[in-house]
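Participant: Per Swiss-Prot, the features are:
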SIGNAL    1-20  signal peptide
DOMAIN    21-162  domain 'Thioredoxin 1'
CARBOHYD  36  N-linked glycosylation site
MOTIF     84-87  motif 'CXXC'
DOMAIN    162-294  domain 'Thioredoxin 2'
DOMAIN    498-629  domain 'Thioredoxin 3'
MOTIF     548-551  motif 'CXXC'
């Protein structure tokens, strides 16, 4: 018995030792795994810090950039994207440049940066396109905007690398209260930017603005560009109603006009060249007027004056400058033309081509214009009478002529050529009979093929009718007339029903999701009002397209954003496929993808568009926090 107990004790001791050894082994393995993981992380960090060379070009990133450039006087940088076709095409040339500059005395480093992964550097150097080339001189970036040829780039780099090289003075003029009036009043035309030093949009505009200034300074005569620090020159900012940054204004001999052009070099240059020309063209012969009326396709605007020194003519020119992007203005000093138009000199005449005239509206709209007439009054008169009672809506004039709502559109085969004009006018005349009784609405005819997508979205492409009609209202909603034989009576009933609020809108929509509990709410056409326009909640809405590369890149970031704010009951992070669903409020304009708006609770008609800044978690979070009307803590803050 004692012997058996002894054996049991021996076995227990042996088992205990085995378990201890196994545990130690596991611990050793765990430690090894941890050490291996740490070593792998350190290797990855080392990879980021190590500067590699590919075909003579140094490869830089956010991690190794500062150390690499710290001791170098001059470095040539190329910011590229792996998918960029121009970058791929430029690569062999860039390698030749690297080889040439490597043999320079002293050698000049040539480097490239993948701007899609080195986001900090891309942001620091304001990279907005690919490839972007910059020359780093003693740590300061010098923009290169010449051709992408070895000869020109090498020459510029060598020029900048010289010990006595200094940046050229800015071409953009700096204005203060002391010199503003002298400069602006004496310029036939000048573009002035009111900026704030801390403004991100201003910083982004600055290099493009300077490049445009350089380009326009070469013209004969030159077109000057200037800038005003509105935070310092507060009196000037107040004088010209500057309420945001940057604000750009065109001045003609001291008279201010809004700048509505692009904000990059070539866009600014083209816009200012166009603006520098006369806003109104002189008509010299009666034949020109007759051709406008016979063959024209838009409103005919003619000012008739005593001469180019007539004060009324100068006021007309001011009005024309305000509207020159939307209308073609003409003027004449010819008594013969005045007689043909049955007016005296000192008048503004608006008329429409013969095909758009009708018995329900005057042939000519005439306004007295004197030296005391305000340019704004002329402008208002032109806008008021620019459309005929029933005009021709086309894709080329839609944005400028038919943006006003409600808009009644009648779709059929519209063709004003000789063979088909009678048929086109037959249906247009039926529309005219209704339009005359609803002056508060805009009426137009439109070719059904030009607007095939719109007709399809209205559910009318398979109507079986030759003529269809719809109404587009102020909120972005669309109403389709039930398919039936078209005549004036059916159109009148349709418009009357709309006026009384008895019509239901047509909404293009994907199916409503059955399960919509994810971190990012899916919005479709039928749920836009319920989710985005919910007056009790703040909503961040992304409008995307399934084929859009930038949208695909944003998707994981946007999902992370949704998870971050998931616990906030008064905030919704949402997305909508804008190619498959109607946006039922026209305040949410989408001109590209992705487009992001913040719709604040209680103020849904004034959404705030996300502009500038990177579409990353940090910047999107900051955007939300800045505009949130009801703030609660996120998961990260708890």
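A Cβ is built for glycine as well, from the same backbone N, Cα and C atoms used for every other residue.
Relative to the rest of the structure, where do these features sit?
Facilitator: Looking at the domain 'Thioredoxin 1' (21-162) alone, the prediction's average pLDDT is 85.
DSSP states for the motif 'CXXC' (84-87), grouped as helix (H, G, I), strand (E, B) and coil, give 3 helix, 0 strand, 1 coil.
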Participant: Can you count helix, strand and coil residues in the domain 'Thioredoxin 3' (498-629) using DSSP?
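Facilitator: Going by DSSP assignments, the domain 'Thioredoxin 3' (498-629) contains 36 helix, 24 strand, 72 coil.
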Participant: With helix taken as DSSP H, G or I, strand as E or B and everything else coil, how many residues of the domain 'Thioredoxin 1' (21-162) land in each class?
Facilitator: 70 helix, 30 strand, 42 coil
